[in-house]
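Enquirer: Attaching a single structure in structure tokens format; questions to follow.
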Amino acid sequence: DAKHLVPNKMRDFFCTINLDQEEVFRTQVVEKSLSPYFGEEFYFEIPRTFQWLSFYIYDKSVLQKDLRIGKVSIKKEDLCNYTGKENWFMLQPVDSNSEVQGKVHLELKLNELITDNGSVCQQLVVHIKECHGLPLINGQNCDPYATVSLVGPSRNDQKKTKVKKKTSNPQFNETFYFEVTRSSSYTKKSQFQVEEEDIEKLEVRVDLWNNGNLVQDIFLGEIKVPVKVLRNDSFQAWYLLQPRENGNKSSKTDDLGSLRLNICYTEDCVLPSEYYTSLRNLLLKSSDVQPISASAAYILSEVCRDKCDAVLPLVRLLLHHHKLVPFVAAVAELDLRDTQEANTIFRGNSLATRCVDEMMKIVGKHYLKVTLKPVIDEICESPKPCEIDPIKLREGDNVEINMENLRYYVDKVFREIVRSSISCPTLMCDVFYSLRHLAAKRFPNDPHVQYSAVSSFVFLRFFAVAVVSPHTFHLRPHHPDAQTSRTLTLISKAIQTLGSWGSLTKSKLSSFKETFMCEFFKTFQEEKFTESVKKFLDDVSSTESKEPSGVSEPVHLKEGEMYKRAQGRTRIGKKNFKKRWFCLTSREFTYHKQQDKEPIFTIPIKNILAVEKLDENSFNKKNMFQVLHGEKPLYIQANNCVEASEWIEALCRVTRCNQRRLSFYHPSAFLNGSWLCCKATAESTEGCARCTADVPADTQIEIDGDRETERIYSLFTINRSKLQKLEEACGSIAVYQGPRKEPDDYSNFTIEDSVATFHTLQQIIDIVEKLDESHEKYQKKRSSSAKYGSE
């Protein structure tokens, strides 16, 4: 959210997330506010190098260009200082001199030349080769050129490259020569001495500009290299473009308002798979360790300050290797030992409950979509007033009509849920089956506990949460408005109550804090709803196989708006690209004129031969990729680099088992009778570049096992001191078995078997130390091969 924004009057605001100058996400517009609350969460992989993660606040305009109010820019190197916690940031003014992106490839060299009269002078050679990743200007590729200057206290020699048209990756390949020093006459007796004081003060400056033609040129960034670092050597390197030194300096930064962000940024160096064998095997056998608290996976959750840090990579790794169900059963059994009353079963934030929560989020995406999306769309797109709290009723509202509207929505959502058991993923059913039988075993005299064990997850932690925040579960593109949000909250409360076993009894209803909800539930027939819930819970906690129709239904994987090039055209032009709605399922890849319309082009998944990036020079457009199938390639432009990367990965993942996948492809397009990449004139010519490797992940669950193992290694490394404390604690317990009078440092740890736990800890520490060595070797190799420059 933001507060105290300027101008000091109610306006419509939205916020964008940018990698350097490239917008990758945008929030919904919050109308008529000075302190807008956005409440949106974005998770994305970063597919390219970047310098700044930036957030821009815009004042939405209907007739004119949206106005940028201010920004928060965080350098990549500083992201770790803010990760994992909320921070208020003062908005900074948006200054064109500080809006930079991209890098430039230079070769610099100092030469000694003997002139015709026998004197020696030094010459600086600047070869500007190319630039990469320059920003779009007004949504289009820029027309860049560079100025190259030799700057000193009393000189500023400047030269300029040619303008390159419509490209973000210009190839300049121009060389410039500058005279650096003038020396006395050269003779055989004397050696030339470089004039140190002159060299010390000289620097090479390269500025990148967008040629504005009839309007002012736009600054794109600069780099500065002191001439003294060259001496008599030659340097060739990529340099990240920097803002101007006077950029983004203003005395009025306090007047723009502030923005609150919660950023979680992780960066892992993933080594080849064989390096993780020992750690992976140790984690995967966790469910077989007795007791479970002595296992590597459980110890990971114990040493992490926040269990959430451990749960996500752990669940994903165990899911990937089909080891999650036995592990959840083992930690749930430990959880149940500490549960004294049946009505509080699985209500805390233990390792077991968090693992099940995370599993449902990962595995249940499609299940939620087929079950809830149609009814959530109806509620959000044609909202009816549902407020039944007398205090919150607006003037003219009729509480009886509102109650009828709410009842209609609740009945519809409830009906969709209890009919959905056939779509419930098998993995979720297996976990619910384990939880149900463990609960019945723990409380044998309570016939209802086996149902409440399952309903506490599937109703309270899955469906009810998805209803109240549909944007988080990708059921809606944006956070709903305030009135719709309130309606969803009331529906969510009702679903929680209906799904909680036995909560419709009179004694339970009397415990409601809100009397208006108590009155609302009196209209429900307890027996009818309880029977429906019981049948649904029986179905989703059964290990019986589902009907074939449930398995054969295509799984929805991804959808969104992109641009595609018209099929069969030869002219390059703006008109060739049309906006379309794309949809990917496990069965086919389609595009439509609009969302929810019939497809106008369909490619069966089995017919896709390759999915690869397309060189920008094909159509002078960024973020393009190609889908190769039996006919002409389908050329598609995504809206940004994150979106392009996600589509390529999703398409590669779902087609990786296709029989006829290509080994070679053309990185550029076939235009005007030849391939731009290899100049071959036959359209049927085999590709000139090897296809990229298959994505090693599950079709429906996007998991990279090595990456998750690397994340777990990082967590063990960060919490190394706690591992050592736990090791000391196990040693103390093993030696001294008497009663403990005072709390120890390790009183927060769960140590059931000190010997088994100590043995696992030794293995973890040994593995972590070996991985430390591998990472150090890699870093040394990387630093030794690095050349002078900003990257």
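Quick reminder: no glycine exception, Cβ is built from N, Cα and C everywhere.
The domain 'C2' annotation in TrEMBL covers 1-89, 100-240. Marked as domain 'Ras-GAP' by TrEMBL: 306-500. The domain 'PH' annotation in TrEMBL covers 555-656.
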Enquirer: Could you give me three numbers for the domain 'C2' (1-89), the DSSP helix, strand and coil residue counts?
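Expert: Reading the DSSP string over the domain 'C2' (1-89) gives 7 helix, 43 strand, 39 coil.
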Enquirer: What does the DSSP secondary structure composition of the domain 'C2' (100-240) look like, as residue counts for helix, strand and coil?
Expert: 9 helix, 82 strand, 50 coil
Enquirer: Any idea what the model's mean pLDDT is for the domain 'C2' (1-89)?
Expert: 88
